[in-house]
Amino acid sequence: MADRPDNRGMIRRFWDWFWGPTAVLSVGFTLIAGFLAGIFFWGGFHWSVELTNTEEFCVSCHTMETNLGEYRETIHYNNHSGVRAICSDCHVPHEWSHKIKAKIMAVKDVYHEMVGTINTPEKYEEHRLQMASAVWRKMKASDSRECRNCHNFDYMDFTLQEVRAASEHQRAIDSDMTCIDCHQGIAHRLPPSYLEEYEKVLEALSMTPSSRRLAAADHEATQFYLRSRSE
Amino acid sequence: MLEIFGTIGGNALGLPGLLGVALGMMTRHIWLAALMGGLVGIVETFLFAGWQFANLEMLELVVAIVVGVLAGCVGCVIRLKGASV
């Protein structure tokens, strides 16, 4: 029988080759090669994701300069212990699925960098409350999950804390509060009327009135205390 | 919208997506593949919620199940197309 010319297109030939049985490879060879390729691609993917967690990557956008300047004046940047929390420590979850979700949602940051939503100090201030509110909402909803990667009530020795701090932390445990209920503005400047906005965040998350009240109780005094300690 | 896209992406690259495809590739019955994928979605969501109903988010559960079911079906189609056994 004479060979007929192969009239299939390139894509069709590739498709048929891809789904055709291997004629020259053993099962073992295919499995080992697939396993090694899997490690290579997964490792490469994971490594690339981790690169986007570096401080250099986060502040490579012009619009991040304001946040960076504010963060560099805080205890999370410079402190007596030499432990530093960088952007991703507070803003990127450790758990895989939450991390991928955060990375996909961060696409909006690239968009706003490109369209220049906050590319001047005036525009930044205009959007500060909105941006802060989005982060507070995320932190409140996750019970300050990213804070708790380093800070944990179970590991705190209240006897080593100042009296005011120990009493506030005990109140937080008793009232089922979370870190962000008091520690807003810990790494970035607080916008005006932030407390009213935080109330709205609690309302949007359908917090019960009692827990809202507890979260807001003595809030201004706590903020004053926290600010005076950091100065 | 971004929240949903993020949740879908997280699940597609997480247990429901990866394990769903792997389990789907183990059967030629598409309903079984879909069932196994959906179960992975349920287990994964409960796992991350610390096995507590109170921590469960309905959106995350629904997306995880849908992604798991679809991944299971994709795995089954790969088996049907790519294997003779």
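Glycine is treated like the rest: Cβ placed from N, Cα and C.
Just so you know, TrEMBL annotations never went through curation; they're auto-generated.
The local packing around A:C61 (heme 1 binding site), expressed as other Cβ atoms within 10 Å of its Cβ over all shown chains, amounts to 16. According to TrEMBL, the heme 1 binding site annotation covers A:C58, A:C61, A:M64, A:D109.
Counting Cβ atoms from all protein chains shown, A:H91 (heme 2 binding site) has 16 others lying within 10 Å of its own Cβ. Classification of A:H91 (heme 2 binding site) by DSSP places it within a helix. Annotated heme 2 binding site per TrEMBL: A:C87, A:C90, A:H91, A:H188, in sequence order.
Cβ-based neighbour count (10 Å, all protein chains) for A:D109 (heme 1 binding site) stands at 15. The annotation menaquinol binding site is assigned in TrEMBL to A:D109.
Summarising the annotation, TrEMBL assigns heme 3 binding site to A:C147, A:C150, A:H151. Its Cβ taken as reference, A:C150 (heme 3 binding site) is surrounded by 12 other Cβ atoms within 10 Å in the chains shown.
Annotated heme 4 binding site per TrEMBL: A:C179, A:C182, A:H183, in sequence order. A 10 Å cutoff on Cβ-Cβ distances gives A:C179 (heme 4 binding site) a total of 20 other Cβ atoms nearby, all chains included.
Residues or ranges marked as domain 'NapC/NirT cytochrome c N-terminal' by TrEMBL: A:23-191. The average pLDDT computed over the domain 'NapC/NirT cytochrome c N-terminal' (A:23-191) stands at 91.
The transmembrane segment feature in TrEMBL is assigned to A:21-45.
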Inset, instruction - Can you check which residues sit near A:H151 (heme 3 binding site), meaning Cβ under 8 Å from its Cβ, same chain, 6 or more apart in sequence, and list them in order? - result: A:C179
Legend entry - Packing count at A:C90 (heme 2 binding site) (other Cβ atoms within 10 Å of its Cβ): 19
Inset, instruction - Work out the three-state DSSP category of A:C182 (heme 4 binding site). - result: coil
Legend entry - Candidate binding-site residues A:C150, A:C182, A:H183, A:H188, pick with smallest Cα gap to A:C58 (heme 1 binding site): A:H188
Inset, instruction - Out of A:C61, A:D109, A:C147, A:C150, A:C182, give those binding-site residues positioned within 10 angstroms of A:H91 (heme 2 binding site), comparing C-alpha atoms, in sequence order. - result: A:C147
